[in-house]
Structures are given as C-alpha cells and as structure tokens.
Amino acid sequence: MEVCYQLPVLPLDRPVPKHVLSRRGAISFSSSSSLFGAPDPRQLSQRRGAISYDSSDQTALYIRMLGACVIFKQLFSRDVRVRSQVGFEPERRGSHPYLCIDFRTLHCNRDCVSSLSVAHAESTGTLPTRRIRRLFSFQRHLHSSRLLRGTPHQNPLHILDEDYSGQAKCMLEKVGSWNFDIFLFDRLTNGNALITLTFHLINHYGLIELFQLDMVKVHRFLVMVQEDYHNQNPYHNAVHAADVTQAMHCYLKEPKLSKSLTSCDILLGLLAAATHDLDHPGVNQPFLIKTNHHLAALYRNTSVLENHHWRSAVGLLRETELFSHLPAEDGLNLERQLGSLILATDISRQNEYLSKFRTHLDQDDLCLGNAAHRHFVLQMALKCADICNPCRPWELSKQWSEKVTEEFFHQGDIEKKHKLEVSPLCDSETNTIGNVQIGFMTYVVEPLFVEWARFSDTCLSQTMLGHLGLNKASWCSLLPEAGGSSEEPEPEAEAEPAPAAEEANSRALPQGSQTS
C-alpha cells in the first residue's frame, strides 16, 4: 500500500473536516484513534486506507484501502461513481462498468465507511470479482437496512441515496403515471432504474414487512438481477425490465385488481416483471435452435428463452436466500408460480392465452376470489406489460420501436455474416421500423389490449388504446409513398416486433405449430 508519512491520519469514527477537504493532499483512515495526529511509522500497518485528492482536479479522488486503489469519478456535481483498479476484469455480459456510491456518506455515515472497508477486505481474498462488485453495489443500503429492522434513527427512511433525492425522488412520486419516462429515470439513477424502481415498489406495497424480508437480501437480489441483463442489448436490457415493472404497477392499481389481489400476488407480479427477460441473449429462439445453442438443447426447443429467464431468476432467489426464512414448501410454490407467469410471456402462445381470456370474458365467469383466476389475470397483465410499448405516448413508444428494430437487424447481420438464413423481420434490407411496428400493432397488440379493456374498462385502458391508434397512424404517415404496409408479415409473424426478440419466433414458424 502506498504510504505518505506526512499525511494527516483520521480515525473511522471522525468526520473529515471541511477545511481539510478544501486543501490539496490526502487523508488516511485507521481503526484506532491513537493514530490520530503524527503517526508512528511502525504503526502504519494498522491503517485502513487513505484518500488522495487534488484541488486542481475536482473530478478525481483516489482511495487506498488495504492495498486496493479505487478511483471515484464525479461525473456530475451530484453524481459519483466508483471503479476499481485492483485488476478487476470487465463485467461479464457487459454490465454497467460503474457502481454507484455517494462519496459524501463515507465521512457522514460510519456504517458506509465500515461497509466499504469490509468490501475491500473481501477483495484481498479469493472471492470472485462478480461478488466483490456486488458487495460494493449494495453496501450503500446497509444503513437503511438497519432502520427497517427497527434501529432508531432521527431521520426518516430514505430508499434513495441523498444524491438521488431530487428529481429521481420526484419521479417516483408519480411512478403510477402511464406517461412515466423510464429513460429519464434511468439517467437520473445512474443506470440503476430497475433496482431503484423495483425496490421502491416492493417497499411501497409494504411487502418487506409483510413477508419479513431482509432488506439487504432484497437489494442484493435486485443488484444481481440488473447485472444479469445485458446492457449491450438495444432492447432486452434492464431498462426494458424496469419499464415492464412500472407498467405492471399501473395494472396492479386498476380497481378490479387492487381490490382482489393478495400480497403474494403483488409480490409475484413485481418479481416476474423484473425478471421476465433475465439474461436475454439479444437473439430469438429460432436463432438459438439453428445455431445448436446449448439452451435450445436443454429446454428441447420449447419456450427456450422463457424457461431460461425463469430458471435464472430462481437461481438468484436461491443464491441470495431471499425466501430462506419461509417454509420450504412455500418457497417452492413461489418459484413455480413465478415460472408460470414468466412462461406466459412466450409470444408463440399468444393465441392460446388470448383465446382463453376472450372465452372467460364472453362467459363472464372470471372470479377474482378464485386463486387460479387471479393468477391467470396476472399472466395477462404481465403479457400486456411486456408488449405495452406501442401503447405509450409517441415520444416513448418511438424510442422503444427503434431499439427493438435495431436488435432485430443486428441479429440479421450476424446471420448474414455466418451465411445463415436471415430470420423474418431481421433483414434491414427488406424491413423498416414502420412496417414492423404497424404489423405488430395490428395483429398482436391491438387484439390483446381490446380484450384487456373489456376486462378492465378504465381510463387507463382507454388511454392505452388511444395512444395505440395515434402511434399506428404516426408510423403509417412515415411510410414511403409506395407504402410497404401491404407487404407486412402475416399476423403470426407480427408477433415479433417491438415487444421482444422472442416474438420473431412467430414469424419463423406458423403460429399454432410453434415448437416453442
């Protein structure tokens, strides 16, 4: 560890004086107050670390703890991120390269300083890099975890760090609005929209207290979920998962559901929305099958991606032991129901679920007092949330349409490069964003949301259908004069555009004969 014998030493239980921070130099931390002042060189080994800063470069601070050097980069005046420089390799699957820490809490809250020291201590051992990063990522919530456990504190509980108590907090107050801008929220939370929004909703519904969940485990689970989404995917990434989770919250608030759903139903709905595309590779099922991918073989070419999303979510639940305090049978039942919800998002089974939903509505026999019927309605709500992009305001819907088409075309480019048959809707030379979206809205989105409006005839349902009509008209107006809309893929094929890359499956195989 780099050592400077002239540096002032500050114990962990003492805040860094403001006049010290205004000067150029460094501050060392020790675990013993006896080292305060001029340290004895023989006692330097007891130091826990040091902070170096340069008044001429206000954007960089260097922290040394137990031999590890960490750089804090201040990207904005109220936005600080941390990146390790102790030989860590880049995150697997392109997770966000920075982990958020409020630097000011290091010398304002002793818990945060201690937790950071623990994280660095772990880094000196044999723990995997991925776990070390997770320790960094959820350490900032240890303080609020103590509060939830009943430790008295003079300040109210803050789910967000102080850095994000401004605009992000204001946005969360309107998280039930259908015009919620998830892209803006993701920027305000430093790319942590999924963690922040899902954690807020779990707390909002009182699920932590109801299920006696450990808040640190909850946050660690959400951190791992966000990590396992591929941020390099234009569409199937953590922001999409956050958007689906926010939409699910809007549906859970609908009168019919809010009066009938149990706390268990709400927890399952939020977890399913957050994990429904977990570890999505950015390509569709036919691509996995024709490239002999191991996942296709593992799940026998049946709902390959959905099975993988579900199993991945279960793996994280068990790794974090989120439900370990519940009876074993209850935990297994939650996992099975979570799988049933996620598997319902398989677009190749769209007609199956839609026909069943329509039959229930025609016969008026949906009884939300029945657990099986409530679960089916949750499945339909998740399906709506998963493909609700065309029902958002144009400014948001257009961005999602561009992102999903970019992902489709990227797959098509890979298939061309390796001389594979190009999947439907994935050829940028024969498809346009407008054509893909118009067909998808006509044959997939509109039938589903018309039936949802029959079930829940509310202002929200009419708003969604209104946006859907306007967005469809907007895409039609953007088509060339020659109008390629008549060349739109068949109804079954349309099941792939904006909602998910899996949807391309519907085009690859005739609907009803899908192997997935």
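Each residue, glycine too, has its Cβ placed from N, Cα and C.
TrEMBL lists region 'Disordered' at one of the ranges 121-156, 481-516, namely 481-516.
The distance from the Cα of ASP277 (AMP binding site) to the Cα of HIS236 (active site, proton donor) comes to 7 Å.
The Cβ of HIS276 (Zn(2+) 1 binding site) lies under 8 Å from the Cβ of ALA241, VAL244, HIS309, LEU341, ILE342, THR345, LEU382, ASP386, each on the same chain and at least six residues away in sequence.
Of all Cβ atoms in the protein chains displayed, 22 besides its own lie within 10 Å of the Cβ of VAL239 (AMP binding site).
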